[in-house]
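I have placed the structure first, in the form of structure tokens, so that the comments after it can refer back to it.
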Amino acid sequence: MATYNYVEPTNSNLVCCICRAPFVDPVTTQACSHTFCRGCISEALEHSLQCPVDRLPLTPEDLTSAGPLIRSLVDELLVSCPNNDCPHVCQRDLLQGHLDACEFLIVDCPEQSCHQMVVRKDAVNGACIHSAVICSECYAEVAMSEYEAHSSTCPDSACSCEHCATEISKSTIELHGETCERAPVVCTHAPNGCSWKGERRLRDGHISSCPYEAIKGFFIIHKDTTAALKEENALLQAKIDALQGHLRATTRDLQVAKAALGPWYTNAVNRTEAGLPIHHPPRSRAPTSASLNPATSPQPPLPGPRASISTLGSDAPNPAPASVTPTHVNATPGPSNTSHDWRAHSSRPSPNISHNWDPSSLTARSIARDVVAPIDLGTSLEGSLHGLRESMVTLSTTVDSVGRRSEIALTNETVRLNEEVMSVRAHLHGLRMQVHAIMMDRNTQVTGRVDEGGGITEGAWIPTRFSQVPGQPQIPLSITKL
Amino acid sequence: MASISARRLSKELKEIMNEGCPVGITLLKAEDFVSWQFTIQVMGESLYKDEIFTLLFRFDRDYPISSPAVQFVTVDGKVSPVHPHVYSNGHICASILGSEWSPVLSVISVCVTLQSMLASCKKKERPADNDRYVRHAPDNPKKTQWHYDDDTV
């Protein structure tokens, strides 16, 4: 016996290191005391005459049977029967005894003419199980080996009704159960609540006295009504579902629209209230712009944001040029100004210009603020866009006019400055001429004096000579030496 | 009935599945009881750091009485390690695969031995007669008459 099916894992000390299975007929080497199966070590020695574990020289004569302790340990290992379907488990040394009697051992069919195999337990009665037999009930041909299975399911086999004890065939028993007089049944009004139970033959007697029988007509009507109501209910339920879906879709759309509109979105309920605080800011801003810009005429109280756009768009550009133009006229110096005035002029124009330009620029800024900011949330988005477009047009016109104005002002200023520069140049020329004349005069005097032989009084003379010239700026001393 | 080699190999395979391979060795293919493949990698500091080789085992019906044919795979882009006992065609000159084979040895023990053979290598070089051997080498390394001349590596 070469293979065993060990039921449990084996202690590794009982395993042959050549076949890795528990020892079978264990032998031990005399020299090194290693144990192997007899079959394994004999084969190994045919290949190489040395111990597989430590490679010491070894011959078959050096092997002795292992001690009884090892033999009994491996013989007592539990193995299962190798035959299919056999559940037998026993000690290894007892397996051979079991195999001799195992019912699941495959043997030849006892019938000489049959060449098939059969498990031993089916061969004990000496008959060939492969030969066909005829079912005594349904007269079908069935193999002997399948006869038992067939007879339990044969439709024609007889059985008795469990209620009336009548003998009937298996195939008709279900049919009989529906009509059997003694079969237990419930009242026909059981669905309505009657709790009567009894044999079928007694039911007719019960029904004549059944309280539910009296109101049989009501049950029919009731049933119809309930069915109609149920149907209607289902219809309504479907409608509700559809409407809920619609509502959900609409809510989603509304939220999307709300998100898209942003601050434009106001509820119909609080739209009128929301209008008030928005009307407020321009009204509070109006006085500040008026105080900053005294040149502009005080604005009338604004009736509403829409009105403020139109009033500012039309009014604001008008006062600004009015305030600018006169100052320009004042500031522009005449070309015929005397030389005495130019010093004062040099400082005057710049503050004047800044004074005149500041308010106008502020006005422009306040216009811009008032035109854009008061978006009327009371109107529709379209109306607001229209209003915004209008104010945009106004704004561009304003910017245009302001640009033109500033251009005119710049031209005026440039002309004025040019003229002033010209006059200053003329002055300067006059002065140069004067100084030249004086220098010439003095040179002639000095040369005359030097010729007389006196250079000592020169220092004292110059101041007195210069002080006699009226309206002349003090000339530094260094210039005299030129 | 299954042959002795099949029973022995099925036991070894079950052990590998249950307990796993030693570090650096992985089972690549064991679909039958004719040939198995393992990858082998030398762990720690060595000349073969980060190199992975594939070992091919071929068993005959007499396994484990006779040794398996073991060699490195040198096809499909795989190479044999450069080692004084390993030829460029993957054949290995190791006594335990020839005369020193013992039925006690197993597939895993051969892997571990070869792993330590690579790990103890001092110099990466082919055997001196590599070219001559490779030209005439048989397909199965077991058919070669090995002359083991170096016990140090």
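Cβ coordinates come from backbone N, Cα and C, glycine included.
Annotations in TrEMBL come from automatic prediction, not curation.
Record features (TrEMBL):
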DOMAIN    A:16-55  domain 'RING-type'
DOMAIN    A:149-194  domain 'TRAF-type'
ZN_FING   A:149-194  zinc finger
COMPBIAS  A:286-296  compositional bias 'Polar residues'
COMPBIAS  A:324-339  compositional bias 'Polar residues'
COMPBIAS  A:347-359  compositional bias 'Polar residues'
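Same-chain residues lying 6 or more positions outside the domain 'RING-type' (A:16-55) and placing a CB less than 8 Å from one of its CB atoms are 1-2, 4, 6, 10, 62-67, 70-71, 74, 77. Broken down by DSSP into helix, strand and coil, the domain 'TRAF-type' (A:149-194) contains 18 helix, 9 strand, 19 coil.
Taking DSSP states H, G and I as helix and E and B as strand, the domain 'RING-type' (A:16-55) has 10 helix, 9 strand, 21 coil.
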